[in-house]
């Protein structure tokens, strides 16, 4: 029994030991440097008192000293077979020693046993009662097999004690020396029992400061270091002849882990609700309820023993305990990650720098954004009004600043979370990934020794780049004009302030904005980012399909992509889909290395998936295919596959949150921004109807992908595609796994989302894989007939195949007119010129343009592009078309061909006149109607 300044509690403790039904043969008290009458009190009670010369030595070494000296007193019996340990402020119950020794006598395999505090601590303070009752409750729930030990009240076989070296000298101050002893006893093959019925009364009067100091510095931190740095304890076998439960781990069990997550989730969601959407305050309420459920039995004990006062005070202390104990574990985990980044400290410095600098940057950015969010909104509004376009940045400066603050808070929290994750990974993991990046890139790089492959691939890439270049000046389409006007024409601060959905091609919009800032607002400058990504997709199609379908099929698919009308459409449409296509191919290229767990593959895959998702959320579908590919790796154990997939999802999800969290924070109540427009239209439909809509959308997408093949030719291509798919599945190996993952992963994602009817224009990510299936039969024939003769013989045949696949490139003249399902508006520049002339007339009446909303955006682009200042006078039509036009307003009705012209009829009826002027274009007709006050007479018109 170690004792230090225990004069007040020691007499009662020793009296209880003497009164036990199983009395000890000897009682040894180690006076560890006391300044009071501890030694005299022990001698008065008949105990043998030891005084270490180098006191204080700590309770562990004190107990070891006592065990070594047992039996050395004059006249003593031979050393006892069992050693009992008790703290100097613990009063044991009469049957406590008997119950513990019974466990040892009942089962020779049990080498130690320990008891628990009772539920009647005498100290009245809330902190003291909470601490003792928490200890009591923990041991009551942990009855049975254990992988730890407790020295407050326990017994150990002497031979087992000496076999592991006792408590040892590892802990010179009171800490977890008893837990360490238990770990070593179990690791040596012994078993330990927790006996909740063996109880004692704890007379320690805890103060709040003592409680927190002990919990953190003498329990949580050293125990966490033991868990993280020491080898795992071997599992405890069940008792002979029976089924044993899992060994007790005291307060490191699953319920405590979940409670810690609930506590941290509570305060994080509370902060999010305060700074962002008040609806988020529902989350902390739910987490509080979960924490109460997890700890209900302990809270009931507090209420039973101390009423409402102890329930509330102890509950708060218990929640705080879950918080700081888990933070201590996270700190130790971080500490272990940074202890040594390599076999030698010098070798780890590059990895440490590569980890620390990004983490510092993320922390600084996160803290800065949170500080901006905490500033008064008028201050932020004034600061941003002084930038860029001055006070004209926002229609409502306060609303714009509030939007920036809310998004900044969400982004700041995401940056802090990413910094914490990076620090938790540590230099070892980061260094391993960085060292693996060159190998991963090299494994998917272009083949250096096959000049024919490089030549054909270079020819295909150059052909697509030339085709795109020749069409970059094509009149602006409606969809790309809308993207430009919304996200790239004005200051980026406007987009940041009003952005409420990630589904507006925001990454591409940022790239478009940079291009416009550098090169102006010409069509080619607006389309430059999309053109670059579509051109880059040509070699990426080859690199992505080569590991799965082979060199021949991948090369032919890349040539088919370069010659397709769809690639030309993607490269000359200022939207984000070329980014999705390119990143899908990057995922396909790194998938084999990722499935094998190669270093460097995961960061590339996560970054590529996040970049694609930042462009368009439809990237979730090819990402689902990648996750399915990892899970289908039969050569890897299932548990490892699941861990790899979970790591990929976590890494990608954290990167995606950088864009999606700020958008979702500002989502209008009950809406999900632009991403919900199509889904809302079919929300009442059931699954069969949704599947029918999906089928129709796939047909529309295939109509674009197959062009210039139409009708029967498109059907033949679809048959070839299905044949290639079946051939790839029949080949087995990498091809089967790739195609199964591509299909199954996307179906699982769609099923998880309730089969949303994705619009046909968003399915372009699947086109390169479809091309791979399409050319697979031809590649198989070429390989079978010519593969044995080598590439030199096969090269002419491949050249012919490539030229045949590039044939659609000859349809340059027909593409702008015949490409299906286009949202083009070729009349835009001419219509803008007409509007300019009408607005420039001296004393001209106001002009209203009556046109569909899609074409209006293209028209506004052309007006803004060529005649700055007139765009504000071109207003969208009111609801109901031309109805309600003012008596002095002129109206220009733009009728797009193949669209019904009810607006034109309403305009004529409103003005009771025939059109004053008419202009005809290839895809539209413009008619100008004058108000009655200005209408010309037939003679004037003549």
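Glycine residues also receive a Cβ, built from the backbone N, Cα and C atoms like all the rest.
Which of 256-277, 388-409, 410-431 counts as transmembrane segment depends on TrEMBL, and there it is 410-431.
Residues 310-334 are the range that TrEMBL records as transmembrane segment, among 185-209, 210-234, 310-334, 485-509.
Looking at 451-470, 671-690, 831-850, the stretch flagged in TrEMBL as transmembrane segment turns out to be 451-470.
Your range for transmembrane segment, going by TrEMBL and the list 646-665, 866-885, 886-905, 906-925, is 646-665. If you look at the transmembrane segment (524-543) against the transmembrane segment (410-431), you find fewer than three C-beta pairs under 8 angstroms, all six or more positions apart, and that falls short of contact.
Ranking 354-375, 410-431, 451-470, 549-568, 761-782 by CB pairs under 8 A with the transmembrane segment (310-334) puts 410-431 at the top. Across 282-303, 549-568, 646-665, 705-726, 761-782, the stretch most heavily in contact with the transmembrane segment (410-431), judged by Cβ pairs under 8 Å, is 646-665. Here the domain 'Glycosyltransferase RgtA/B/C/D-like' (507-651) is broken down by DSSP into helix, strand and coil counts: 123 helix, 0 strand, 22 coil. Contact between the transmembrane segment (549-568) and the transmembrane segment (705-726) is supported by 3 or more Cβ pairs under 8 Å, counting only residues 6 or more apart in sequence. Among residues of the same chain six or more beyond the transmembrane segment (282-303), those with a C-beta under 8 A of the stretch's C-beta atoms are 119, 130, 133-134, 136-137, 141, 255, 258-259, 262-263, 265-267, 269-270, 272-273, 310-311, 314-315, 318-319, 322.
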